[in-house]
Amino acid sequence: MQKLKITGLSLIISGLLMAQRHAAEPVYPDQLRLFSLGQEVCGDKYRPITREEAQSVKSNIVNMMGQWQISGLANGWVIMGPVYNGEIKPGSASNTWCYPVNPVTGEIPTLSALDIPDGDEVDVQWRLVHDSANFIKPTSYLAHYLGYAWVGGNHSQYVGEDMDVTRDGDGWVIRGNNDGGCEGYRCGEKTAIKVSNFAYNLDPDSFKHGDVTQSDRQLVKTVVGWAINDSYTPQSAYDVTLRYDTATNWSKTNTYGLSEKVTTKNKFKWPLVGETELSIEIAANQSWASQNGGSTTTSLSQSVRPTVPARSKIPVKIELYKADISYPYEFKADVSYDLTLSGFLRWGGNAWYTHPDNRPNWNHTFVIGPYKDKASSIRYQWDKRYIPGEVKWWDWNWTIQQNGLSTMQNNLARVLRPVRAGITGDFSAESQFAGNIEIGAPVPLAADGKAPRALSARRGEQGLRLAIPLECRKSSPGLASATSA
């Protein structure tokens, strides 16, 4: 008996440890099913939900129950209907709330970007809002699934068809055609879909270029310094460093006026193309069109440690070059915008979280693009739909129950599909750059060991010094120094 008690205790401890390894998982109300198979009996691939799970989505469960209904949970618990305020307590029932053994989280898929050809701003917007398959129908079905009335024209029986697109200030309005007669309550009050507040953000990783025209490099200057050893023993304990400046002059043109609206979110370096060395940085939070050229100068250095024979000098040389390059370029700009739905909600069912039945006029704006806030983010509301009280806008669980999970996933993926516009132009630059540092052959010193017309510097007592021609010292390229190991 003692052994059995110990074994039972060990199993309990083991079970507790296993439970502690896994954090609580969300329960998505749209996947709950009520089975009338008996106390704590579920269909294939389902299990009874626990008291804790039922408590986390109690309001959702109660809204799906009859007034006097009592339904079972796992481990001898029951949940009671609206008349009982959803009380959860020990008890028994002939039916059971169940949840999939392998639930589907149902994330909204991310589709590949919809690319719009380059053009000015109005061209880009026009192409987007007039695209029936990729824009008008997905946004129309979004309004329809949320419960907006009359999302279609008088000459079609289908959602998103016979739609008119009109310019409205800096934006656009999509609304069902109202010409001719219609039948139905308030059928002349078509739901409007307004698209406005467009913004464009450059994607540096989308860079492409066309045919490259590049000149051969041309020698501009040769900088030579001398490491001089006037002692009677070889010297190699010092680095010889040649300092010089590189420069880039660049310019770009923009094919269309959309570039004036495009901004750069983060600073980035212009991509390298060909063999011409460039160092160009594009500033952040600036209009793309405002950055059409400039010049940059960078101070660099190269070092080498020569072994200088006794009573000798060794030349250390670096050559400065220039080269020209030009080519057409293309970037993509991520397009974001506001999507405002305006109309009255259907009496027969709508997804506003309070589910009003008095056909109220309702305006709501979603932001399609970077996150702004909870109220305007479809993805945030969708992902948090399992938390009662967190999403105080649309009841996405209701839309799933009415239309199906896959239908909602596919439609929202199309609504949230990234949109990109092409930004094209021509780029040209002249770059001044350096080759590699080179060490020449030793040259015996003259009897007096002097280096005419030179700036000399002795380092320590070892007899090693540097000599730099004065004409090189006067210009920014070519300063030299020696440092010990």
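The backbone N, Cα and C atoms fix where each Cβ goes, and this holds for glycine too.
Note on Swiss-Prot: of 68-84, 323-339, the range annotated with the feature region 'Interaction with host N-linked glycan' is 68-84. Per Swiss-Prot, the stretch carrying the note region 'Interaction with glycans from host GPI-anchor' among 156-165, 216-225, 346-355 is 346-355. Shown are the disulfide-bonded residues C42, C98, C182, C187; the one with the most C-beta atoms within 10 angstroms of its own C-beta is C98. Separation of the C-alpha atoms of C187 (disulfide bond) and H155 (site 'Important for oligomerization'): 12 Å, rounded to the nearest whole number.
Residue counts of the region 'Interaction with host N-linked glycan' (68-84) by helix, strand and coil are 6 helix, 7 strand, 4 coil (DSSP-based).
Nearest by CA distance to C98 (disulfide bond), out of the recorded sites H155, K374, E390, is E390. Separating the Cα atoms of C182 (disulfide bond) and H155 (site 'Important for oligomerization') is a whole-number distance of 9 Å.
Distance from the CA of E390 (site 'Important for heptamerization') to the CA of K374 (site 'Important for heptamerization') is 9 Å.
H155 (site 'Important for oligomerization'): 12 other CB atoms within 10 A of its CB, across all protein chains.
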